[in-house]
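Notes follow once the structure below has been shown.
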Amino acid sequence: EEIERETAYPDGKVEKVLKNGCHLVFFPNGTWKKVGSDGKTVTITFFNGDVKQIMPDQTVIYYYADAKTTHTTYSDGLEVLQFSNGQIEKHYPDGKKEITFPDQTIKNLFTDGQEEVILPDGTIVRVQPDGSKTIEFNNGQRELHTSQFKRREYPDGSVKTVYMNGQQETKYGSGRVRVKDKDGNIIMDTKL
């Protein structure tokens, strides 16, 4: 672009105003700044390769050259980080975080301490603040882990519970109940 005027300052800074209305400012350390002709679009290219862009809607896009990471902050407070390995993190204004990993696993972190992980095969793992966990498998089975027991629920209505003391209880969809002690010995079986 053609230069309309150029000003050199005592501190080493040089400002160029282009005929199209853009302003370029070059700093002695190698950093330079471009203000678009609209006066609202600003791009700062730092000496270390980092680039900061401020868009007319006040969205700020910051690229970290060393980490090859882009951090975008939108005017509504949403922040999105995009890492070189394909991981994407969204930090919402309300404190919720959503992380999409390179294998497309999605992890949601809620402000109340709950976590939810959605695996690529459709399995969903939910962890409560107390540490209890619910796993919903894509085959219709469901598992619940607490400090007291682990329980698996099957689509046919059967439920198998393993208690921390090793005792196992299986309730079948037919109504039959079988209980085994920690060593696997049957201590109760109601065959219907």
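Residue numbers in this text run from 1 along the chain shown.
In case you wondered, yes, glycine gets a Cβ from its N, Cα and C as well.
Per-residue confidence over the domain 'Centromere protein J C-terminal' (4-34) averages 95 (mean pLDDT, predicted model). Summarising the annotation, TrEMBL assigns domain 'Centromere protein J C-terminal' to 4-34 (among others).
Residues annotated as domain 'Centromere protein J C-terminal' in TrEMBL: 76-103 (among others). Under DSSP, the residues of the domain 'Centromere protein J C-terminal' (76-103) split into helix, strand and coil as follows: 0 helix, 12 strand, 16 coil.
Per TrEMBL, domain 'Centromere protein J C-terminal' is recorded for 111-145 (among others).
Annotated domain 'Centromere protein J C-terminal' per TrEMBL: 149-179 (among others), in sequence order. Secondary structure of the domain 'Centromere protein J C-terminal' (149-179) per DSSP, as helix, strand and coil residue counts: 0 helix, 17 strand, 14 coil.
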Counts by DSSP class (helix H/G/I, strand E/B, coil) across the domain 'Centromere protein J C-terminal' (4-34): 0 helix, 17 strand, 14 coil
Helix, strand and coil counts within the domain 'Centromere protein J C-terminal' (111-145) (DSSP): 0 helix, 16 strand, 19 coil
